[in-house]
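Chemist: Sharing the features that TrEMBL gives for it:
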TRANSMEM  B:6-22  transmembrane segment
TRANSMEM  B:42-62  transmembrane segment
TRANSMEM  B:74-96  transmembrane segment
TRANSMEM  B:148-167  transmembrane segment
TRANSMEM  B:179-199  transmembrane segment
TRANSMEM  B:231-250  transmembrane segment
TRANSMEM  B:271-299  transmembrane segment
TRANSMEM  B:408-432  transmembrane segment
TRANSMEM  B:453-476  transmembrane segment
TRANSMEM  B:488-506  transmembrane segment
TRANSMEM  B:513-531  transmembrane segment
TRANSMEM  B:537-554  transmembrane segment
Amino acid sequence: MALDQQPEEKPPLFPTWGYWYALVIAWLLLLIVLFYLFTKTFS
Amino acid sequence: MSPLDWTVLIGTLTTIILYGVWKSRGQQNLDSYFLDNQSMPWYIILLSIIGTQASAITFISAPGQAYTDGMRFVQYYFGLPLAMVVLCITFVPIFHKLKVYTAYEYLEQRFDLKTRTLASTLFLIQRGLSTGISICAPSIILSSLLGWNLYWTNMIMGGLLIIYTVVGGTRAVAYTQTFQLIIIFSGMFLAGWMVVHLLPPDVGFKQALQVSGKMDKLNVIVTKFDWKDKYNIWSGIIGGFFLALSYFGTDQSQVGRYLTAKSVKESRMGLLMNGLVKVPMQFLILLIGAMVFVFYLYFRAPIFFNEAQLARAHKTEQGPALLKLEDQYTELGKVKQQQVKQLAAALEAGNNAQADIAKKELQQTDVKATVIRTEALSLIKASDPTADTSDTNYIFLHFVVNSLPKGLVGLLIAIIFLAAWGSIAAALNSLASTTVVDVYQRLYNANASPGHYLMISRLWTLIWGVFCIVVAQFAGSLGSLIEVVNVLGSWFYGVTLGIFLVAFYLKKVGGTATFWAAIISEIVVLVVYWIGAVSFLWLNAIGCLLVLLLAWVFHQFCAPAQPREIA
């Protein structure tokens, strides 16, 4: 069986790994927004 | 250091070594020695990844970076979470399902032996030399601050961890890193709490943040794009992404950590959690530096934080002029203390107009102080042309040694050793695995017993440990060691990442085209650096893109590669 045809292990909490990837990217975006507000608030 | 500090320091280091040796039981073959039989849960993978990346310099240098340049350095890590996602999608499933010991094994299965050998050789050169320098960098700072002998500091910094790394392999490395990080985070939290606690009674955390922000130290996000500016959001996301992808995807010191996971799922969770926690972690470390900056507005800051270097300059003919400048700097420090109190009072009262006036006055005084400091740096350089006039790495430890209570100083010094040990132990383990698996077993002795390979692996861990200490003993004369490490990485990272990206994404390109593309790209990278055409940070991108381009071009002229079954 070729590599990319092997079944994927299910991730914890979410139905697919795509949700985890989206969470990491969303968390990064949230941090950037919070850091931006932090910079503006204290500058 | 006080007897209590020595007790805490020696006690902490001894505990880690004993813990490492205790965790070393049960090694029987390469699987257990280099992969811990692929048994690690995700949280150990996470802490091991963090412990490998966070060297002593991370904890010494980052607060100093915030002190001098503000918190914008955190943007450097913005590309890391994105790289974690790409690694989880592409690299991790392939490495796991091929059951490789090293990342470079995959290159033989995808390309051929010569490409695998080239990539592993580039890794051994780069990681071997940079680990030696990683031993020396914190040793120089500690020996200078505490008056220790550099030779023996290097020996302890790079030597004691060899005991548990040789005996216990990957398992000992991962579990000691976990224990080390618990101590490191506890100590850093205490240091952060203490710096706020040591401020004048009427200055709380909120006021400290306001003062720091007004002095432009809380500049976490810089949106203006500038090719020459290393730390803005654009260079952080784009440049940081390529750097993190090459470091976590092709450097065996990191690949070796997540290969020990018991499944693809555990590897992915460790990496994704790293993507979630790394940026906030760096933010908090930098915030400590911003608080140290406020501390030194209220209390006397030396004109140069490397006081051993300053003392040497005092003994030369530049000494009298230097003393005069120091007096002027101290007087300006007293003026700043008054002005910062006015600024804090205005901010507390919510009087923005008064706060702006106080800020401008404080900044004007700061500019005068900077001019005097620059003159003093010129005198220090004149007194010793080999002197490093950057004291960023000395700021945080100067605060620790001179301002923290007894016991906590010993703990913070121990943290520097533990942080160094975590990354050095992982580097030695990865150097040994690459040497044994990619060179010794593959090229010289493919049919020995498991016990023989285990013995050879331990021997090579020891040999690399000794090699790195020897490099450390000579590295002191190389100037700015952090930059040397970064330059060294930039020579090789881009090309290595290029090889892996060809393997993953240009599936029709074969080994010969990739091998020669990598050789030519490496030569071009070294020539570009040698003629000084661009800043070394760009070498990563140049090397990577050149390999991709040349491999594709050469492929057009090569005989079609035989399809290789990877399953």
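Placed from the backbone N, Cα and C atoms, the Cβ positions cover glycine too.
TrEMBL entries are annotated by machine, without manual review.
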Chemist: Would the transmembrane segment (B:6-22) and the transmembrane segment (B:408-432) count as touching if the test is at least 3 Cβ pairs under 8 Å, pairs 6 or more apart?
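Modeler: Yes, these stretches are in contact.
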Chemist: Does the transmembrane segment (B:271-299) reach the transmembrane segment (B:513-531) with at least 3 CB pairs under 8 A, where each pair is 6 or more residues apart?
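Modeler: No, these stretches are not in contact.
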Chemist: Sort out the residues at least 6 away from either end of the transmembrane segment (B:488-506), same chain, that have Cβ-Cβ distances under 8 Å to it, and list them.
Modeler: 90-91, 94, 103, 106-107, 110-111, 115, 118-119, 122-123, 125-126, 129-130, 133, 242-243, 245-247, 249-251, 514, 517-518, 521-522, 525-526, 529, 536-537, 539-548, 551-552, 555
Chemist: What parts of the chain pack near the transmembrane segment (B:42-62), using Cβ distances under 8 Å and only residues at least 6 beyond its ends?
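Modeler: Sequence-distant neighbours of the transmembrane segment (B:42-62): 73, 134, 137-138, 141, 157, 173-175, 177-178, 180-181, 184, 188, 247-248, 253-254, 257-258, 260-261, 265-271, 273-274, 277-278, 281-282, 285-286, 289, 392-393, 396-397, 415-417, 419-420, 422-424, 426-427, 482.
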Chemist: Might you confirm whether the transmembrane segment (B:148-167) is in contact with the transmembrane segment (B:408-432), defined here as three or more C-beta pairs under 8 A between residues 6 or more apart in sequence?
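Modeler: Yes; at least 3 Cβ pairs under 8 Å.
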